[in-house]
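Features reported for this protein in Swiss-Prot:
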- Ser61: active site, nucleophile (ACT_SITE)
- Lys64: active site, proton donor/acceptor (ACT_SITE)
- 476-486: region 'Important for specificity' (REGION)
- Asp480: substrate binding site (BINDING)
Amino acid sequence: MTLDLDALDRALDALPNLFRGPGGVAGVVKDGQVVASRAWGYADLTRRRPMETGTRLPICSISKQFTCGVLLDTLGDTAAYDARVAEFLPQFEGPLPTLRQLCDNQSGLRDYWALTVLQGAEATQTFRREDALPLIARMKTGHFPPGTAYSYCNCNFRIVSEILESETGRALPDLYAERIFGPAGMRTAELTSDTRHPADEVVGYEGSDAVGFFPADNGIFWIGDAGISASLQDMLAYESWIDATRDDENSIYRRISVPPAYVCGTPASYGFGLSHETVAGLKVTGHGGALRGFRAQRFHAADERLSVVVIFNHEASAHAAASSLLAAALGHEAPKGAGPEGWAGQWLDPESGLLLRVGEDAEGLTLRFATGPDRLTVGEDGVPRGAGVSLAREGATLVMNRTSDNLTVRAEPLPVVAVADAGEIAGRYHARELEADLVIEARDGGAYAGFEGLLGAGPMERLHPVGPDVWIVTTRRSMDAPAPGDWTLQVRREGGAVAGLRLGCWLARRIDYARV
């Protein structure tokens, strides 16, 4: 396979304008050699410190594959340690996930960063290392039986890291350095778990080109699920090491990139901290990363011996940027879709309790269901398709097939309600699942929800009606990024009176609250 290096250069030149923000880095490795390396903008606008290829940036959730790689390289067979998972979930009432299911995001557990919102956290408050395990230990149920579906969950990897450190008797930073950073030549990479103290004093920025940029104030401690800081030079060395060890079936990357599957045998799209997807017509493994003020993405196409890395110190889409580099280098053009017609609307999934919303534009559809919106194009057969998702209609029912999640949803139409009286649902509610409360206040047509729990009393969030007895709670900023976004809140009635609520988002579904 030959790369169009001129087209790649043009695509790299376009990144600062297409993905506007304070700064960023991007690089490409082909056949084990660095063929492109760029750094633009500033690591700190106020101090005028330029962004450089040696500037260390948080790679955030890209760290998950490093955790899984060290796990396999030190402990080997994960099944030998499955019994230890129970130590971290003492109140769990269903089948417990295995260690492998944690690594593959098939545990069915709710994401603990999403749950920090429901436990009363404010986006910028300090979240210490010792705050995580008590929150996880409160879990009593999950989304689904382990191994049957996919759900992104950061606490999976926090549990993995705790078991890994306990079994080896060694700190995770030392294991990273010994097993991956050293062999890969990642000379400056390190675990920087405390986000209040970023490596090289790099500043991440919230905001946008429309409203301006302001420094993100992060206060979380994460380990196992994220926390590594690395420069572009470090990350390109990692990609070169992957290529150099490609023929060794016992190499770390070969082992973590084996095709994953669900317990039923159906192929899965995520395993050992790696996403398996198709980008620009290529099968790739990789991962994204996010913290307020930062975005990162890496892709590796093993058959083509091609890798791409993009990291921003702002919140533009690193996934889209990295995808554009692959497309340019390969001369790939995405197929044009037919004009959509009659797909717009909203539906409610009775199983997850989540709202599905579909919007139309000239180029396709935007589906809002999971953490971020999915873009779909309508094929010649009239079927809207996107990355790992497609839509169909059975009468008024909307059928969503999320093959990457091993999930089929049959959602019923939800009539639109623009104005509703929140006075009926105002009051205090308690969730046994979380051992936490939800307070709703209504005044002069406005409605707001506040969460109280293990981490305090959080800010009041906006509450908007969307359908009969269905509301959305809007969370645009949280400890982790991206924020949960819109939570679907359903009213539960007994004899016509409000008895409780069911709240959920893609990362934390089906949480029941009883009226106090």
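Heads up, the Cβ atoms here are built off N, Cα and C, so glycines get one too.
The Cβ neighbour count for Asp480 (substrate binding site), using a 10 Å radius over every protein chain in view, is 28. Remark: secondary structure over the region 'Important for specificity' (476-486) totals 0 helix, 2 strand, 9 coil, with classes taken from DSSP. Comparing Cβ neighbour counts within 10 Å across the active-site residues Ser61, Lys64, the minimum falls on Ser61. Over the region 'Important for specificity' (476-486), the average per-residue pLDDT in this prediction is 89.
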